C-alpha cells in the first residue's frame, strides 16, 4: 500500500509540475489574442461567401472590407506586442497568408464568376486565372523588396475586382485587366505597399484612403455609383496600381524626404537614450 501511495504522489507531483510549467503568462495571452483577431478574418470570409452565394454583393464587399481593415491592424499590433517571439510555435505569417488567400483571392474570384458580368465563359476563365496565378505567387518567399515594395502584382484581387464591379467596363477590358495583372504577378515590377513603403508615404497613404472612401460611397449606393465616384475610384486605383513602377523607374523620387524623416527619428531615439 505504501508503495502505491508513493507512486501516486510521484505521478501527482509530475502532473502538477507540468501544469505549472504550462501556465499562460499575460504577454502570451495578449499575443494569442492577436492571433484570434487575425483568425476572425476567416469568419468574415465565411459571411462574405454566404452573401455572394445569395447574390448580395454589396453585403459581400462590406464583409471583405471589414476583413481588409482587420488585416491592416493586426500586423502593427503583432509587432508592437512582439507576438513572434512571445509565441514562437504559432506562425502569424502562415495564418495571415491562409486568410489573405481566401479574402484577397478566392472570394473575389468566386464573386467575379458568380456575377457573370463578364459573360459566363470569360468570368469562368478569369476566376481560374486568378486562383491559380495567386496560389503560385503566395509560394514566392521573395515577394518583398528591401524598400517593402511588392515584387510583382501582389494579387490584391479584392481591390481589382471591387473596382471592376463599380466601374463596369466592357467585358474584354475587364478580362484584359485580369490577364495583365496575373502576368504582372511574375514580373520584376514594383507595386506599392501604402503603409510600409517610406518614400512618398504621406501622399501614397492619402491616395489609398481616398480610394477606400470612394469605395465606401459606392457601397452606400449599392454599387450603382454615380459617375464622380466611378471616376474617383478609377483615378486613385490607377495611381496605387502604377506608382510602384514609377518609383522604381525614378529611385530618387521622395528619397530626400524619407531620409530626412529617418534622420529625425534616429536623433529622437538618441536623445531619448541620453535622457536620465
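Here the Cβ of each residue, glycine as well, is placed from N, Cα and C on the backbone.
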I'm validating the feature mapping. Which of 10-30, 31-51 is tagged transmembrane segment in Swiss-Prot?
31-51
Can you tell me if Swiss-Prot, going by its topological domain labels, places residue 137 on the same membrane side as residue 259?
yes
DSSP tally for the topological domain 'Cytoplasmic' (137-146), helix/strand/coil in that order, comes to 2 helix, 1 strand, 7 coil
When you scan the chain for residues with a C-beta under 8 Å from the transmembrane segment (231-251), skipping those not six or more beyond its ends, what do you find?
149-150, 159, 163, 166-167, 189-192, 194, 197, 199-200, 204, 207-208, 210-211, 214-215, 218, 225
Contact ranking winner - 92-112, 116-136, 172-192, 203-223 against the transmembrane segment (31-51), Cβ under 8 Å:
92-112
Top Cβ-contact partner of the transmembrane segment (172-192) among 92-112, 116-136, 203-223 (pairs under 8 Å):
116-136
